[in-house]
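One structure is given here, and the rest of the page talks about it.
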Amino acid sequence: MNYMRTAVLLAGLTALFMVVGFAIGGKGGMMVALLVAAGMNLFSYWYADKIVLGMYGAREVDMRTAPEFVAMVAELARRAELPMPKVYIIDNPQPNAFATGRNPQNAAVAATTGLLQTLNPDEVAGVMAHELAHVKHHDTLTMTITASIAGAISMLANFGLFFGGGNRESNNPFGGISAILMAILAPIAAMVVQMAISRSREYEADRGGAEICGQPLALASALAKIAGGAHAVPNYAAEANPATAHMFIINPLSGARMDNLFSTHPNTENRIAALEDLARQMGGYRPAPARAAPARGPWGGNTGGTRRGPWG
């Protein structure tokens, strides 16, 4: 199902890429865009996860550098019957997290230092279980490729404003006007595609994550805290790369941008209500939280030296 959705998504974004190419350079531009899109689709499949992690300066951690956090992810992955993903930490004060990778065998999960410092252990476990649910559902392939291609569409459309608007070839009857329109409409269209695949997927990952960690209310509490932090603490890397916003557990954009009018996430209050309903259905089912024995800190390394982590 997710592979079919990914194929449809790639076809749609490739078609949009070609439309932008036609607006910039007529039929020749459209053919060039087709070739570029084909190359991008292949490149995105293999390398988009590394690009996204690089955008946010994520650093990989292990049992030596972040023993408690990595042990928590390992236990959650065991419960989810998943291979152990790579674990990353992003030095960013906004509490947030995402997962990436083309399949469960090549997956990675990333959390910000803000998340590790803001949430308690049960809430962190709920968030990471949510991200592992994305991995289990193969959502990470769709999310990562969407981020890569949607960002390229926006870049190409803006490029057309400066270099394509003057094209007056007979095979492009719309000329500079179409380049201007594409610069405005293409990023919006790409964002609409992101919205179409994101909303139901988040509900599914919330439910799957709650079942993995066994604590729906801990995840609900985490969502409330993350949403408050996302509004209060700007994420400048996300503001510079809005095409990746749909990858995070909560929209990282501050709301000052037009992008936030086209939210890639369902309403947080609705997600919390759904988790509360799930908690009532699960009744007294509360397995022990996924945490390791006390150690020197949940993520290790030096995050500034001024604050201890929730388990340190």
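For all residues, glycine too, the Cβ spot is worked out from N, Cα and C.
Going through E60, E202, E239, E269 against Swiss-Prot, the one listed in the Zn(2+) site together with H130, H134 turns out to be E202.
Cβ neighbour counts within 10 Å, taken over all protein chains shown, single out E131 as the most crowded of the recorded positions E131, E202. DSSP classifies H134 (Zn(2+) binding site) as helix under the three-state reduction. Distance from the CA of E131 (active site) to the CA of E202 (Zn(2+) binding site) is 10 Å. Sequence-distant neighbours of H130 (Zn(2+) binding site) (same chain, 6+ residues apart, CB-CB distance under 8 A): A97, A205, D206, G208, G209, A210, L219, I249.
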